[in-house]
Amino acid sequence: MALAVVCIVVIELCWSVGLNTLVSTMKSWLQDQGFTNADSSSVHQIFTLLSFAFCFLGGLLAETYVGRYTTILVFSAIYAAGCALTAFAATPAMESIPLFMVGILVLTAPGTGGVKPNIGTFGADQFDDLAESGRRKEAFFMYLYVTMSVGAVIAFGFLANVATAGLPGIPKEDGFFCAYMIMAILMAIALLVFIVGTPFYRKESFDKNTEPVLMLTVQRLLGGRQKVLGKVALLGWVLLPTLIILSVLQVFYPSHSLTIVSLLADLLCIGCLCVAHRDNCWLGEPDRVTRCLDVVPKIIVGNVTFNVLYNTMFSLFYSQACQMDTRLGGGMQLSGAFFNLGDALAVILFTPLLERCMVPAAEKLLRREVSSNMKVLTGIAIAIGSQFTAASLEYARRNAEVLPIPSNCAPLAADGQHVRMSAMSGFWMVLPYAMVGIGEVLVNPVLWHVAYTAEPSMKSLMQAFCQFAMGGLPNAISAALTQATKSWTPNDLNQGNLPMVYFVNVLFCLAGGAVYVSLTRSAGFSTDGEKEWRVAEESSEAGESDSSESIDLIIYALGIGSRDLRYVYEKDPNFAAFPTFPVALYYKGSSYDVLPFPSPILEAFPVPAVSGVKVWLDAGITIERCRPLPAGGRFTLEGGVASLQPKGKGALMEKLYDVKDDSGAVYYRMVDVSYLVGAHDIEAFGETLTKPKDVAKAVGSRAPKLRVEEKMEAGIASIYRLSGDYNPLHVDPGYAKTAGYDHPIVHGKCTLGHAARMLMDGLAGGDQRRFKSLQLRYAAPVLAGQTLILEAWEAPDAPEEYLFQVLVKETGKVCVSNGHLKLTPASKL
C-alpha cells in the first residue's frame, strides 16, 4: 500500500506544480500582451472554472466507462501536452495569444478535470475499508492537500519568479517558456511514475460501475419533475452548464448586462440546488442517488462561501502585492505570486498541528468531537479575516511613497511601462495569504471527505461535483464580481478602491456562512426531529472499548437473544454493533436511564394528531445500512412522519429516519411502520414508502434454503425493553388487557432482532459486515417463551437476496411476513 500511495502522491505533486505555476503566472503573461488588470484576472478565473467543469467528464469516464486508473493516465498525458504547447506559445519568437489560449483552455483545463476528481479517490481506495477507519481516510485527504501545497511552494517560490525574472543564464524574456517547459517535463515524469506503480495498486481500485450512474441520477431527477421541488432541482442542474457559458462569454464579450445576468444565474443555480436537495423526500424511496443529493447543499454552500475568498489570492492579493516593493534585499524583483508561499506554508505547517494538537485540544475543551461543520465555519471566519487584513494593508500601501521603479508583475501603465511599486514591503502580504491557507486546511479537504463518503458507488462523480463546487461555481461568481467591480481595480490601484472589493467579498461570505449554518442545522424533514449520540468504539485490542457506550450494544444483543461474544463481550477482538442495532436509537438516544413511554426521543419527532388511538403497534420496518458505523463517531438521527394512511380499524403510519454524521453522510436509513389501533377520522397524506413482496406467492412450493427453530427466553421482553422501548404493553398484564391482549407481547423489534440474527448466522456465517438491508411486516404478536420457526428462500434472479417468514410453532401462525434480506457478496469483503 505504501508504494502505491507514493506513486499517487508523486502525480499529485507534479500536477500541483504545473497548475500553480500556470495560475500564478498567466496573469502576468497576459498583461505583458496588453490585457488589463481585470481582464487578465477574468481569463485566469475562466481557466480555473473550465478546469473544474471538466471534472464532470473525468468523473463520468472514471465511474462508468474506463475506471479511475485509465482516466488518470489519459488525462495526465493531455495535461502534459497542454503544458508543452503553452510553453511553445510563450517563447519570445512566438508570443501567440491564440496558441496560449488553446494550451490552457483546450488541453490543460480538460487534463486537470480528468485528474483532479480521481487522484484523491484512487489514493483513498488503496486503504482497506474494513481494516482502516474513516478517520484515516480523512487524514489521507488532508495530507494529500499538504502535497498540493508542497507543489505550490515549488511553483510560487521558484517557477513563478523564473517566469517573470528569469534565472542566471536564462534571460528574462525566456522566463515564461522555461517555467512552462519545466512543468511539462515534471508532468511527464509523474506519468511515468504512475505507470510504474501499476502492480502495487489494490485490485479493487481498478473497479468501475457496470451501471450508468449518471443516467440513474438523471432518471431519478426526471421522475420527480411533476413536483414543485422537482422542477426547482431541474432548473438548478440545467443552470450549471449555462453559467459556465455565461462566464466565458463575459470575458471575451464584456458588458454590464451580461455581468448582471451571469451573477444572477450563479446565485439562482445555487439557490435552486440548495432548496431542492435540502430534503430529498420528494424523490420517494431513498437510494444511492438520494444519498449523494443529501450532501449537495452542504458541499455547494461550504465550497462557494470559502472559495470566493480563496480566489482573491490569485487576483486581488496578487495585484496588490505587485504594487508593493517586491525587491529581495533591494535587488532582484520577486513575482507577486511569490507571497502565495504564505498560503502554501500555512497549509504544510498547520495541517499536522490541527490534526494532532489543535483539534484534540478543542475536543477536550468542548467535551465533544470537533465536527466537520465547526471546521468549515472556522475556516470561513479566518478567510474573512484575511480580507480585512488585506484591506488594512492596502490602505497603508496607498499612504506610502510611490517609487520610480516599475514592478515586473504589475500591469502596463499608459506610458507602456509597468506600474510603479510603492515603498511598502510586499512581504506584508504573507499575512492574508497565510490566513487563507489556515482556512483551506479547515474547509477544502474536509469537504473532499464529505463527497468521498456520500455514496461508495459514485465516489468519482461526487468528487467531480465537489471539485466543481470548489472551483467552478466560486470562479463563476468571482468572474462576475470582478467585472462588476472593475472600476475599483484599474491597472494602477492607486487610482481605484481595492478595499471596497474586499468588503463586498466579506458581505457575500457572511451571507454564505449564515446560509451554511441554516442548512446544516435544519437538514431533515419538514417535521424534523434530531438527536445526537456517540457510537461505541470498536477495538482491535482487548480492553480498549469504552464500556459506558458499549453497554448499549451489549444490552441490545442480549435483548435479541444473542450470546455471541462478538456482540456481548466488550473485550472480544471483533466486538461490534449488531447490524440492526440502530432501530433502538430512536427510542433511547443517548440516555442510560429508564424512560417514560413515549420516550423524549420519540416526542422530539413531531407526529400529526390522530383521533381514537388506543395503542401503537409495530407493523413493519425497513432498515438499510449505507455504510458501517465507524468507531467513536458522533451521529445524528433525523427524520419524521412520511405518510399516514387508513387501514382496517386503524391507520398505518410510516416514519423515515436517517442516521448521519456531521458531514451529512448517511450511515443507516430506516422506515418504521406503526399500526395505530382504533384510529379514525384520518387525514391521509404522503406516499407509501414500503412495498413488501408477498413471500408465499414468490416462493410457491419451493423448499426453503434455510429453516431454523429457536425458543424465545421467557423474560426476553424485560431485557429488550432496556434498549429504550419501555412501552408497558410488553411487561404489564393489566395494560396488555386494555389493548386487547391476554398477556404482554414481545416487542416487534425484538422479534426483528431474533429473525435478523438467525438469518445472518444461517446465510452469512455470522459475518455482520455482509448485512445490507432488511424489510419485514409484523403479522401476529409473539409471546415470550414461544418458539420461532424461520424459513428463508433465495430470491429469484437476485444473488445474495433472500425472502423469509417467521412462524410461531405453538400456534402455527405467521408472525413475520414478507421478509426480504439483502447481503453483500462474501467475495468482496
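Indices start at 1 and increase along the chain as displayed.
The backbone N, Cα and C atoms fix where each Cβ goes, and this holds for glycine too.
According to TrEMBL, the features are:
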DOMAIN    551-666  domain 'Peroxisomal multifunctional enzyme type 2-like N-terminal'
DOMAIN    703-794  domain 'MaoC-like'
SIGNAL    1-16  signal peptide
TRANSMEM  43-62  transmembrane segment
TRANSMEM  69-91  transmembrane segment
TRANSMEM  97-119  transmembrane segment
TRANSMEM  140-160  transmembrane segment
TRANSMEM  180-201  transmembrane segment
TRANSMEM  228-252  transmembrane segment
TRANSMEM  258-276  transmembrane segment
TRANSMEM  296-317  transmembrane segment
TRANSMEM  337-355  transmembrane segment
TRANSMEM  430-452  transmembrane segment
TRANSMEM  501-519  transmembrane segment
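Between the transmembrane segment (501-519) and the transmembrane segment (296-317), the number of CB pairs under 8 angstroms, six or more residues apart, is three or more, so the stretches are in contact.
By the count of Cβ pairs under 8 Å, the stretch nearest in packing to the transmembrane segment (180-201) among 69-91, 97-119, 228-252, 430-452 is 69-91. A contact between the transmembrane segment (140-160) and the transmembrane segment (69-91) is absent, since fewer than 3 of their C-beta pairs, 6 or more residues apart, lie under 8 Å. Mean pLDDT, taken over the domain 'Peroxisomal multifunctional enzyme type 2-like N-terminal' (551-666), works out to 78 on the 0 to 100 scale. Of the recorded ranges 69-91, 97-119, 258-276, the transmembrane segment (228-252) has the largest number of C-beta contacts under 8 angstroms with 258-276. Sequence-distant neighbours of the transmembrane segment (69-91) (same chain, 6+ residues past either end, Cβ-Cβ under 8 Å): 11, 15, 18, 22, 29, 58, 61-62, 97, 99-100, 102-104, 106-115, 118-119, 122, 174, 176-177, 180-181, 183-184, 187-188, 190-191, 194-195, 198, 201, 205-206, 460. Residues 8, 11-12, 15, 18-19, 22, 26, 29-30, 33, 46-47, 50-59, 61-62, 68, 71-72, 74-83, 85-86, 88-90, 144, 460-461, 463-464, 466-467 of the same chain lie 6 or more positions beyond the ends of the transmembrane segment (97-119) yet place their CB under 8 Å from a CB of it.
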